[in-house]
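Undergrad: Here it is: the structure, laid out below.
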Amino acid sequence: FLGAGKPPMYGDYEAQRHWQEVTYNLPVRQWYFNTSDNNLLYWGLDYPPLTAYHSFACAYIAKLINPDWIALHTSRGYESQPHKLFMRTTVFVADMLVYIPAVILYCFSLKETSTKKKASVCALCILLYPGLILIDHGHFQYPCLGFALWAVLCLSYDWDLLGSIAFCLALNYKQMELYHSLPFFCYLLGKCFKKGLKGKGLVLLTKIAGTVVVSFAVCWLPFCTDMEQIMQVLRRLFPIDRGLFEACMFSSPPPRLANIWCSLSVLIKIKNIVSPQTQLKLSFAITFLSVLPTCIKLTVQPSLRGFKFALVSCALSFFLFSFQVHEKSILLVSVPVCLIINEIPFMATWFLLVSTFSMLPLLLKDGLLLPYAVTMLAFLSVCVASFSIFEKTSAEDLQLKPLSLSLKGYVAWFKSFPKTVRSLFLLSVTLMGVLSLTSAAVPPPQRLPDLFPVAVSVISCLHFLLFLVYFNIVILWDSRNSRSQKKIS
């Protein structure tokens with residue numbers, strides 16, 4: 001794992017262990033404050049309360065096994081095989097309880113997977129997604145995405161209140177779930193509009209609002225003793241004063257992150273010419289404009305299918321344009337893409353491969369070249385065998401038929417579309433393979449030590465921009481949403 005045996009910070013493994021140390025040994029009112037017993041510069045808690053409660057629960061079990069694992073101060077940098085096994089087990093148990101059941105139930109609930117075999121194949125492809133295996137599992141990250149999946153699953157059954165509770169849990173586990181908040185808000189608001197805000201719609205809106213308020217109140221109850229506690233937690237969750245690139249692990253120039261700001265910084269030194277306040281405003285404005293068309297369409301024409309595609313589009317916009325993005329944030333886009341892999345298997349497979357490739361610098365830092373290669377090949381092989389992705393590249397298969405019909409003068413061009421898309425896919429996969437091997441085996445030029453990481457980031461960013469255009473086209477030209485909304489109302 002990244003940072004193992006390397007003081008003073010030791011890496012993500014130590015971060016999770018240290019949070020257990022802090023939450024178990026200190027009173028709740030000190031968890032997010034800088035004190036002599038809680039140095040916030042050393043892996044201070046910067047996730048919402050539900051993460052802290054989970055750390056406390058894990059710490060309680062750790063204390064029963066070996067108190068040295070979470071001893072205050074003296075356990076700093078603790079590394080041992082038994083403790084690593086314990087930490088891996090906590091991640092595995094959390095996945096077994098939250099994420100994996102959500103994936104399986106979701107796949108078996110899909111109308112498109114009419115047989116158990118199809119549902120099993122769909123679940124297998126999602127669970128084999130390399131990004132989660134290598135990053136979330138490898139970095140001892142716990143499954144807030146599992147709660148988000150439960151929320152989607154509940155909404156698919158019209159269990160709107162349960163879905164609201166599940167998403168509140170996800171949001172109170174990791175603040176990055178804000179990437180998905182607008183689609184949830186717009187979809188539920190659109191359903192209320194369709195039911196009529198003078199009748200059933202108003203009742204539903206009131207129930208949802210009450211559910212959200214109560215869910216947040218329960219999660220934040222120990223920190224509601226005074227306003228200072230609340231403000232300190234919020235400052236830890238949203239450290240906007242640190243600038244646009246703070247969350248990028250490789251923030252030394254040039255940043256190695258596949259979003260628009262880090263890619264542009266290769267040519268334009270944004271950090272040097274734009275103040276942090278202006279960076280924040282610019283980032284907010286572009287992100288807002290990017291998600292606006294999708295959110296308006298979803299609110300006006302709420303449908304479950306449109307909701308799932310909106311989750312992808314909005315999360316991708318946040319990743320590309322928003323403030324303080326981390327390499328691992330691409331997983332917040334990838335999981336919604338997994339949810340539509342049965343609908344557009346070709347494009348979903350392509351995106352999921354690129355998303356894993358975009359984290360290559362981080363994976364190489366972890367020494368995960370072989371697991372990266374094996375999981376990527378396994379995932380691609382299973383998707384090709386299960387979905388026959390190369391046979392599903394027509395405009396209709398890629399959900400682009402409404403666009404082709406609206407471009408009547410260019411319909412002839414769409415006849416060669418499948419062949420063109422397959423060629424681009426093969427070119428993309430070849431480029432990712434070559435650059436992966438080159439990054440791992442070839443030393444960079446002395447004058448350009450960051451050549452390969454920057455190439456990975458820029459190429460991935462270009463892919464993501466094209467995917468953003470594609471997903472927005474699918475959403476905005478989707479005529480089926482207007483038919484689906486009738487079922488909702």
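Please read every residue number as a count from 1 along the shown chain.
Just so it is clear, glycine is given a Cβ too, placed from its N, Cα and C backbone atoms.
Residues or ranges marked as transmembrane segment by TrEMBL: 85-107, 119-135, 147-171, 201-223, 306-323, 330-357, 369-390, 424-442, 454-477.
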Undergrad: Do the transmembrane segment (306-323) and the transmembrane segment (85-107) come close, with at least three CB pairs under 8 A (pairs 6 or more apart in sequence)?
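TA: Judged by the Cβ rule, the two regions do not touch, with the required three close pairs absent.
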Undergrad: Does the transmembrane segment (119-135) come near the transmembrane segment (85-107), with 3+ Cβ pairs under 8 Å (pairs 6 or more apart)?
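TA: Checked: the transmembrane segment (119-135) vs the transmembrane segment (85-107), in contact.
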Undergrad: Under 8 angstroms, Cβ to Cβ: which one of 147-171, 369-390, 424-442, 454-477 has the largest number of such pairs with the transmembrane segment (201-223)?
TA: 147-171
Undergrad: Apart from its near flanks, which chain residues at least 6 from the ends of the transmembrane segment (330-357) lie with a Cβ under 8 angstroms of it?
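TA: Here the qualifying positions are 103, 106-107, 110, 112-113, 118, 122, 125-126, 129-132, 134-136, 145, 148-149, 152, 176-177, 179-180, 258, 305, 308-309, 311-312, 315-316, 318-319, 372, 375-376, 379-380, 383-384, 386-387, 389-390, 392-393, 397-399, 421, 425, 428-429, 432, 435-436, 456, 460, 463-464, 467, 470, 474.
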